[in-house]
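Taken from TrEMBL as is:
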| type | residues | note |
| --- | --- | --- |
| BINDING | 95, 96, 128, 213, 214, 215, 216, 271 | pyridoxal 5'-phosphate binding site |
| BINDING | 131, 270 | N(2)-acetyl-L-ornithine binding site |
| MOD_RES | 242 | N6-(pyridoxal phosphate)lysine |
C-alpha cells in the first residue's frame, strides 16, 4: 500500500543505492543518472566529502532555531556573498521558499523603505518559480495554476525576450522583474545577452528591482557559479536552492546591501531554514566544487557533451535543436519524448523532460568523459528504438 498523494509519477525505478553518477535499484540493476535528482546532486550521489562533514556535524548538534547564532550558516552566507557579489543572505528550505522570500523582500522594500505603492512582479511565459501560491502565480505556465484560484494579485507574465512588451507592462505599481537567464522547466532556453542587458536598463531607468531565479542554473551548473555571471548584468536579488546542499533541503535568497532595511527583525523567518546540517552540507558542497576545479570541468565536459550529441544524434530528422550551457542541456524534438525516457531507462540511462518535446540532461558536475560517452551510446540506441516504434504506430 502506498498512501502518498499522487503528485509525482512513480514507477521509473525503485532506487536503493547511489554513488557518483550511478543509481542501483532493488534488483541490482545499475543506471547512469543524468537527472541528478532534478539538478540537485552537483557532486553526484553520496559525495564522501559532504558525507564526512555532515556526519561530523551530526555528532555535535543538529538544530536550535534562528534565535541562536549558527556558525556554519554564517560561514555559508559569507561564502555565497563572495561568489555571487551579493551582500546579504536569507536561508530557506527550497527554491520555492527562496523565491517567496525574494517576492516578499521586493514588495516590502518598495512599500516600507521607498514609500511607494509598488507590488507588481513581472515574470515571463514558460518560467517556473515554485509551487507555493505566490510562486505558482509567478510561474508563467497555466498548467501549474489549475484549480488553485483565486490566485494572489500583483503578478503579470509576458513573453520571454520581448523587450517592447516588458516596457509596456512596467507601471507605477511595478516592484520587480523576476526571470531565469536559462528557462529550465520551460525547455532549456538560454536568454540572449542583449535582451538581458536591455531588461537591466529598464529596471534601472524605472528604479525597480531585477531578481534572477538561479534555483536550477546556480552552483556551477552552467560553468560559472551562477547563470547570470555569463551575462552583462548585475541583479539586485538572486535565489538559490537545488545544487547548494547536495541533496539536503536548503534554499537561499541573496540581495544587495541597499535592500537591508527591507527585511527587519520579525519581518520574515523559517524554523528550519539554515540549520546546522544543511548549511554544513552547503559549505562542503562549495568547498568540493572549488577544490576539484569543477567550474572549469563543467565548461570542458559541457562542450564535449554538446559536440558528441551533435555528432551522434544530430542527423535524426525529428531533432529540432540541441541547446544549453555547461551541463544544463536540452534536446528538442518534433514529437513528445515520454516514450524515449522509458526506453532509455530500460537501457540503463535516466533522463528528464523540460516540456513534452524536450529531453533534459543534468549530469553531475563531476561527470567523466567516459560516462558521457556511455550515456550517448545508450541514448543513440534508445532513439533508434523509439523512432522505430513511432514509425510502426503511425502505420
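Note that Cβ sites are derived from N, Cα and C of the backbone, with glycine treated the same way.
Feature map: TrEMBL annotations on the structure.
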residue	record	contacts (Cβ under 8 Å, 6+ apart)
95	pyridoxal 5'-phosphate binding site	129, 130, 213, 215, 216, 239, 240, 241, 242, 251
96	pyridoxal 5'-phosphate binding site	129, 130, 131, 132, 135, 251
128	pyridoxal 5'-phosphate binding site	139, 140, 141, 144, 180, 183, 184, 185, 186
214	pyridoxal 5'-phosphate binding site	226, 227, 228, 238, 239, 240
270	N(2)-acetyl-L-ornithine binding site	66, 91, 92, 93, 97
271	pyridoxal 5'-phosphate binding site	65, 66
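Site extent for pyridoxal 5'-phosphate: among the recorded binding residues 95, 96, 128, 213, 214, 215, 216, 271, the largest C-alpha separation is 25 Å. A strand conformation is recorded for residue 213 (pyridoxal 5'-phosphate binding site) in the three-state DSSP classification. Other C-beta atoms found within 10 angstroms of the C-beta of residue 213 (pyridoxal 5'-phosphate binding site) number 33, with every protein chain shown included. Under the DSSP three-state reduction, residue 96 (pyridoxal 5'-phosphate binding site) is assigned to helix.
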